[in-house]
């Protein structure tokens, strides 16, 4: 073995410099220095930490960057890169890096001559964290053929040269020289897992949750991972290291954001409500205003006036709303803007957004490059998960840190957050008080509002800044509930008058049955729900938007909950299944949406159909029925919907959400940001062939489904190459590009 590799290469005996352990370590160290120069102080301020900690932050991050890949001297890792090993590695390389350097281990005496034991341990926990698989995947499962021992090639010349470079870069004393490999054994009597458990117990007693050291550790983890991303991605993309400097020193002129607002307002002056939002200098501001009030333009004004020089990150609950936000405000604007979510590449192609900004995609290497590019953007439109994923050690959230820590952030449509996502929002706001934040919502339960107010008092020592929507617009009558059991006559009448009908069902099956019933009533429906191939779903979204935007032509859309946020349209009649109060308020936001003070429209009718069962909990539906009774059958405004929600206590108070980034300390692993439901993403057989042939990206054609019947034995379905998506047999599923997918009955 001539060289110790850190990265795969086609020529392992004559590798490129950046593929070697020495070369990659030098690149990551260089990136870490640049990150600390430009984002060290900003990172501390974002986390509410004393800027006087900057020298210590620098010491920990640089040490972690230097040591992060020493475990790649493992014979298992080297054989894997050379494709000489099919069995898993007995111990992952980042765990081995920690093992080599922890106090009492082979390299610790050298390191502790110049570094305190606590800071060494903090750095090593960052080392172990940099792939977010510690300790969950640190060791190969039993019975996988990984073996019971491995050699660490510490005697190799490349290992010695790497230690020498580290000593030179960090001004450490001369490193030790090894003359023989170190053998690590993993037997029942002697297993490194037991050592790690003991070290974890000691470390977490020394670094309690919530302590300054624990908060500093979280920041260090993010910076070390970002340095590794830069050191890995830039050489492969042909970029030079000074590219990081250019991204992190890019100016963010407030004039660019003001120009976005001026273009959106089309010559009109901002409303008093928008001016009030823009004047908020508070670290945390809550804006409660109904649909169509101009909240988003107000958010741009707020960023331009209160936080000039900071990039603006706008977050939305869904990929669809993130794309819509980008299209409406940033596409074609004279601003360095990015759209970031896992299907952004597809949206750019379908919507023709390639001029003026760049998308993000989700392959691992591309994710890294996209994250680096986001560091220098003036404005980012992304999903809430991109930002709040940081709290749960998700890849995109950690990658975003160098851009995010110096930004101001807008969280739009927070009423749409489920309990887990709202809990992540609270942890984010609590842990990062130095990042100015603007929350926007059409409505908010009293229990959530109380928690926000209490958190703001506790963290910032001041009351939550609250801005209400414009009184005259909020109280404009828009809706009227009709208490009818059979809505089809209303649908037919509306369509005869060239009106627009939106029917929202709580399940895809009900949505499809509604469309089928519409056909029998002479009303052809456009379908829009979640069970489409992604590119088909985007096209169906466009069909619905176009149909509702065309004046003088009837339109009928049968949809599911996806309509609550992603459809920016105005209906003349809304028919909806009973749903939780926040969902019903969102659905009503699609009814008579364009009515304004200048051009008020007559109130429009809505019908709520009885519903019980999944996906909603019985108490939520019970509260919704009581809310409906309070609303009555007279004309209603957006303010009426919120006021009828009821007194505090109708909903349970949000529980404190655990955070793997903030609470994990010794361990680091990704966790979900949202409440999940059982689902299965599949590839149709013809799409799988196209993906394997390179004719199409998997992200364009993946199909999200509910779990199929167990009788289908779906766990045994084949996969397309290394992709995680099963391929159902043709007789298991019906798919139509206009109607979507459903499982066949077994």
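Here the Cβ of each residue, glycine as well, is placed from N, Cα and C on the backbone.
Bear in mind that the values here come from a model prediction, so they are computed numbers and not experimental data.
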Among ranges 408-411, 412-415, 416-419, whichever one Swiss-Prot labels motif 'DEAH box': 412-415
Secondary structure content, the motif 'DEAH box' (412-415) (per DSSP, counts of residues): 2 helix, 0 strand, 2 coil
Chain-internal residues, separated by at least six, CB under 8 A from residue 131 (Mg(2+) binding site): 92, 94
Under 8 Å by Cβ from residue 69 (Mg(2+) binding site), counting only residues of that chain that are 6 or more apart: 6, 21, 24, 25, 28, 93, 94, 97
